[in-house]
């Protein structure tokens, strides 16, 4: 097991990465002072791991209840958040209750926002069971739900007290979800570490086969990159926004298709192709680098071809995305492979990218 | 105009208290960098002040929109919070948008929670137009909405960037709401300043008549007391809970009657009578002091007689109240007039208080 610390002063927390971690009660020692523990999970993950995790937590001498939500991005809404609150209140959860998010990014985001808002804030632990959640969404404290008019529009910054990434849970992951997670792994290389990107390119097969050694490194390095960025800029005043590479286009794809049609990671994978195209158009990276990144993304079985909504629809969808400020969209651009910057871009060049990538036909 | 500063490090903010403040654009200088301003108000307050406030804010060169919610505690729910989000998204509010809460405690709590959650946090200004909001709810950063199973169960700590208490807005307040606000004024005396309680007792008529000089002092001293407590304990780990004197019983009354039947301040007034009875029962204050406090509360036309739900129902309602920890209810007790402490109390003595005050018949 490897442990790395996210350094956020009195909100610091450990990320544990290894195999069979959900059987180890000592990793959940934050629960020692909890009055009760609520596992929040979904209908897919519950049959696989909820009982094992319950047994582990009960070894701490605590009462453990499980709240099971439907599975999928389309359920990341107020209605299902309410289901969490209803259960917490029904079973008299108090301010010393701890929530445990057992599942992917949707479960982590919703549980985190429930923890942020229940009685104005209780603690929570992330037990991410998808690659996407292990390398991205469980780290950094962004929580929230979707609004019909935009993704993650309602939420809070609320840091977990621990992240426990059990690599064995990835073995049961459908291939499509594994690929979606690899999109964020590639992103970390592209924005922050060219050597890591080389390593990813050289280990494509091992990663797609969910090889434990390869996966352990991919998760660890991703968490290191993400947590160092988050430590420097917890609430996304500046550098943290570079983690959104591929996300402005990706969110437009997700919203335009209807949440849940494309997996978040698939949309980000395709969004990175578009972001790379734009970076090249702005004379930062070369066409060859765009092709190479596109090839890496494609080799992970991720889509590289955006849906052809047309330029106007993309611009509308991106306008409502939360990274707009004063009407100006800020794009994450690759200054070079392994380094991202943020800037606004004239609509004309964005439309050229939409046309060149087939988003506008 | 008097200005006092709530000292919370980089979340510090001023409270301005005076007359005709909503006409003074310079008090809203926090809006200078805002991309847009949304006034959130209700159907009662909007016709009185929304246009005047809009004119003031437009002087800052900003686009101002107004969101009007229905008026009343029973509307402090998710559905109306959604109305705020719907409007913010519809009109492309971004992270640099500022919300302005124009109204009483319900508007302030909902607007504050909307600001805390919209895009994971935007800034907001409190313009409290009720006495209750001016002396209590607009200061301290507690925001939230009600859940059918409990009051303020869903929310956040989110500090405003300014509080602008215009005493003239109190002139249009119905007598019943003025009295409800005076309950919290009395509370500040009871828990923190015996001299202030003497002053309140001596100025009952002036306060009930909404005399500007008397009211200015009542608001200022209340804000001073509340903000010093909040500065010492922003997230209610300890001393801040003393501000809940009368609230454990009061919330039970509000929930038991159905939100909106009793005004919050009325329930707190009556709750303080019950809290004083309990404090006497625990040998802290004398029966004479209980009678005096009851008399001050009654002289402000506040109820001093709890609804007779019966002891069991009260205990159930209080159990779900958010101040319970590990099943144990923590009560705010007057150690003496002008000083409150927090402790758990055996159910037997609470039931004696419920019986003695007529809550259990």
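Cβ coordinates come from backbone N, Cα and C, glycine included.
Quick look at what TrEMBL annotates:
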type    : residues                                               : note
DOMAIN  : A:67-179                                               : domain '3-dehydroquinate synthase N-terminal'
BINDING : A:71-76, A:105-109, A:129-130, A:142, A:151, A:169-172 : NAD(+) binding site
DOMAIN  : A:181-324                                              : domain '3-dehydroquinate synthase C-terminal'
BINDING : A:184, A:247, A:264                                    : Zn(2+) binding site
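In the three-state DSSP scheme, residue A:71 (NAD(+) binding site) is classed as coil. Listed in sequence order, the residues A:132, A:136, A:183, A:187, A:246, A:250, A:265, A:267, A:268, A:271 complete the 8 Å Cβ shell around the Zn(2+) site centroid, once A:184, A:247, A:264 themselves are left out.
You'll find the Cα of residue A:105 (NAD(+) binding site) roughly 15 Å from the Cα of residue A:247 (Zn(2+) binding site). Of all the binding-site residues listed here (A:105, A:108), the one with the fewest other CB atoms within 10 A of its own CB is A:105. Proximity of residue A:74 (NAD(+) binding site) to non-local residues of its own chain (separation of 6 or more, Cβ distance below 8 Å) is seen for A:258, A:259, A:260, given in sequence order. Between the binding-site residues A:71, A:184, A:184 has the most other Cβ atoms inside 10 Å of its own Cβ, all protein chains included. Counting other Cβ atoms within 10 Å of each Cβ, the lowest count among the binding-site residues A:130, A:169 belongs to A:169. For the recorded site, residue A:108 (NAD(+) binding site), the DSSP three-state label reads helix.
Within the set of binding-site residues A:71, A:108, A:130, A:169, the entry lying nearest in space to residue A:184 (Zn(2+) binding site) is A:130 (CA atoms). It is 19 Å from the Cα atom of residue A:130 (NAD(+) binding site) to that of residue A:247 (Zn(2+) binding site). The two recorded residues, residue A:71 (NAD(+) binding site) and residue A:247 (Zn(2+) binding site), have Cα atoms 22 Å apart. Residue counts for the domain '3-dehydroquinate synthase C-terminal' (A:181-324) under DSSP, split into helix (H, G, I), strand (E, B) and coil, are 105 helix, 1 strand, 38 coil. Summarising the environment of residue A:172 (NAD(+) binding site), the number of other Cβ atoms within 10 Å of its Cβ, over all protein chains shown, is 14. When the binding-site residues A:108, A:169, A:172 are compared by Cα distance to residue A:247 (Zn(2+) binding site), the shortest distance belongs to A:108. Rounded to a whole number, the distance between the Cα atoms of residue A:264 (Zn(2+) binding site) and residue A:169 (NAD(+) binding site) is 19 Å. For residue A:247 (Zn(2+) binding site), the Cβ neighbour count at a 10 Å cut-off comes to 25, with all displayed protein chains included.
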